[in-house]
Structures are given as C-alpha cells and as structure tokens.
Amino acid sequence: VDSTLVERLGQRLLPWMDRLSQEQLNPSIYVGLRLSSLQAGAKEAHYLHSLKLSYQQSLLRPASNKDDNDSEAKPSMGQLALYLLALRANCEFIGGRKGDRLVSQLKRFLEDEKRAIGHNHQGHPRTSYYQYSLGILALCVHQKRVHDSVVGKLLYAVEHKPHLLQDHVSVDTMAMAGMAFSCLELSNLNPKQRNRINLALKRVQEKILKAQTPEGYFGNVYSTPLALQLLMGSLRPSVELGTACLKAKAALQASLQHKTFQNPLMISQLLPVLNQKSYVDLISPDCQAPRALLEPALETPPQAKVPKFIDVLLKVSGISPSYRHSVSVPAGSSLEDILKNAQEHGRFRFRTQASLSGPFLTSVLGRKAGEREFWQVLRDPDTPLQQGIADYRPKDGETIELRLVGW
C-alpha cells in the first residue's frame, strides 16, 4: 500500500492521542500504532502512561458504595483486555500485585460469562462472544492460562452456533475467536483442547472465506481488517487463502483512497494489517523494529461559508405507536447528531450504550430492547447500517428507520 496513504491514516489517530480523559482513552489506538510501521514519538509514551494511570486507578480502587455514574465510568472488561494487549505491545508482561489483580478481574469476567452461557450451552454471554474471545486472547499473549471449560464454551459456539456468522458483526467475532485459538495453539496453554482448537481454527477460516463479498471484503469493509489479521497469519496457507487475501487488500486500498476509515478503532485494527502484523504477534512483539515518525497533517484554513442544511426522514417501527418525522440538520451531521436534534425538538427519545466500536441504541421512544431483541438501524431501501451511529452521515433526503427486531 502507498506509504503516503498509510501515513494519512496514522495522522487521523494523532488528535485522539490528545484526548486523555478516562472516557476517551482507547488502548486499541496504542496497540494499532505499535503493530504498525508508524510511531508517535513522545506522545506515544505519554499515552501509554495515561492508560496505566487511568486503568489502575479505576479498576483497582477499593470497593465502596458507588453510585451508578461512578460504576459506568469504569472501563469494560473488553477495554481491560485491550489494555493488556497494549502492555504486551510495549513488550511488557503484566505482573506484580496490581497486575495480578487485573488478571484476576479478567478471569472472573470470563467465568461469569461462562456461567451465563450455561452448562447446556443454551444461554448467551452477557456481553458478546467477541469480548469473550478478546479476553482469552489478552490473557494468552501474557502467557496466562484460562480453564479448559472457558475455552470449551468458545469452541462449542464455533462448532454448533451458526448464528455466529450471519452478518459483518459476526465476521468480527469469528476473526477474534480465530485469533484467540491461534494464540492458544501457538502457546499450547490448553493441551487437552489442542485437537478441538485445530479443527475450530480451520472452521473459522473456512467460514470467513465464504463470507467474502464480490468486492473483496470479508463481511464488509469495516470487518475486513480483523479478518485479514487472522487469515494473513494462518498456519494453514493455501492458494484459495492467498487469492482471497490479495482481493481483500485491493478492496481496502480502494477504500483508503475514498477516506472510508475515520473511526479510531477501525483505523487501529487496519494499521497492523498494512504492516503484515496481527494481535497474535503480541505473543513475542518486536519492539525494536524501525517505525516512521508521524507528523501532524498540515491543514489549510477553511473558507467561511454558510452551512448547508439537509432533511432526513426518521422512522421508528416495531413498536406502537410508530414514529415518522423529518429532521433538518447541517450537512455532514452524524446519525447520532440527527437523533439528538430530534430529541431536542420533539417527542423522540433515545438512549445509547458505549461499546468497543462506538455507541449503540438500547432504547427508543422509551422502549428498551429485551434480552433477545435489538434496535436495528436501516437506510433506505431497507439496508442495515454497517457503520456506527456516531460515524454514519446521512445524505439529503435519506430515510433512516429504527426497527425493534428479535433474534
């Protein structure tokens, strides 16, 4: 890939490295840079220092009568797993009293998720199989073993739950599960499960290859970087695999020309791919590899002009009464901005919850999604939205539908 394009991609991460509040710190940014061909110099070291302070203070403070806002401010277990990857990206093994407590928290999270899935495998993780896989991977690169029964739940899901690969979100999940299996296979931390891990890896690889679109993406453009991280490091190379990866890389290069990647999480997952690296390389990272120093992008001052407004039709279906309203917002507004505008100027109400890939809808017009329900966002004509609500920018005259669906 053109080094200038890679540099521009890295430059989009630099402003995020100045955002050091607990809510905005993102270990994935650090991991992505360390596995890339780029570096941010002193800013990179300061960012890791801020991560350490924030995560240790928030996750290791003594238990007390916390209010809801305080508990919400804590990093999720998925973010803790990414934090462990960030430490390993700096060639650090987690240890000491504080480190052992963080490892214990992540192991307890996996045990709780295992119980939620249930002895008969009929349940579901309280978070997701993506975070479950990420937790196993993070412990694995630090050579921390999890119980065979924890690994067994993920193996069973890959072997027996076809819904794990029905859309682009599930390509992400499959890729993360595959990287967890790859790490376990290379580290041999669960030797009794070795044969099942080998078979599950083969199954994951086959399913991701079958999910490749005519354009070359695995699932879609945003799930392709994680899929490529897994496939490029495959211990089972083949002509079919090589051809599929080349096709996906060509599609990604075309998307870079169109500035598709703006979300820092997505950029941080893509940068390692462009450097032939993956999260599995954190088993033994190369911290001495030369990396080019990033400089901030030179921006030309924007010319003052009257903002253009667009009209977007917002619909809510799946509940009664339904909702239909036209919202006028400045051009370039995100879908999240449009929902906030509708809430400020009418009866529309919504709530979101933070996740690793950005906020997602949990409640619309006072109706919360149940245990086996979710709020689906669709563009016309009846097309599921593939970007997050904070990233997608509707066009003038577009219809956005929020639909409560079960699964």
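The backbone N, Cα and C atoms fix where each Cβ goes, and this holds for glycine too.
In TrEMBL, the cysteine linked to Cys140 by a disulfide bond, out of Cys91, Cys183, is Cys183. The Cβ of Cys140 (disulfide bond) has 29 other Cβ atoms within 10 Å, all protein chains considered.
Around the Cβ of Thr127 (cyanocob(III)alamin binding site), a 10 Å sphere holds 19 further Cβ atoms from the protein chains shown.
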